[in-house]
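See below for the structure under consideration.
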Amino acid sequence: MRTLWIMAVLLVGVEGSLLEFGRMIKEETGKNPLFSYISYGCYCGWGGQGQPKDATDRCCFVHDCCYGKLWSCSPKTDIYFYYRKNGAIVCARGTWCEKQICECDKAAAICFRENLGTYKDEYQSYGKSRCTEKSLKC
């Protein structure tokens, strides 16, 4: 019950591209992004350290690196627009930053879909304190 309350509180503060990213994840994987990816492994969710636990966690590591290259943008709050054409995500309209944030999110959502077969429930709600190996560099 406490976990649900914490997630509800987090949702209240979520805006901008995080909502769009969540929708992309749901569309690509069929999974609820809050329950499946928000604290998966060592890199999914806020922050990241250590070694990615599996291919899904590596998607999050690469996503973090992608956001890191956008130092002049606000990836978690800038709102972007996307649509689907023949099933594919198309990042559309907006500023350079908005389009780049969308491309980062698109790549991660596709990566999650491509690695659904390696997704492990044991890495859901994985404590970052358990990620003690030397961190990777982007």
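Using N, Cα and C of the backbone, Cβ positions are placed for all residues, glycine too.
Just so it is clear, the model here is predicted, and its values are computed rather than measured.
Matching D54, D64 to the Ca(2+) binding residues that Swiss-Prot gives (Y43, G45, G47) identifies D64. For C91, the disulfide partner recorded in Swiss-Prot among C102, C104 is C102. When the candidates C44, C66, C73 are compared with Swiss-Prot, only one is recorded as disulfide-bonded to C60, and it is C44. The record in Swiss-Prot lists a disulphide bond between C97 and one of C65, C66, C73, namely C73.
Shown in sequence order, C42, C44, W46, G48, C60, F61, K128 are the same-chain residues outside Y43, G45, G47, D64 whose Cβ sits within 8 Å of the Cβ centre of the Ca(2+) site. If you take the Cα of G45 (Ca(2+) binding site) and the Cα of C60 (disulfide bond), they are about 8 angstrom apart, rounded to a whole number. Distance between Cα atoms for D64 (Ca(2+) binding site) and C138 (disulfide bond): 9 Å, as a whole number.
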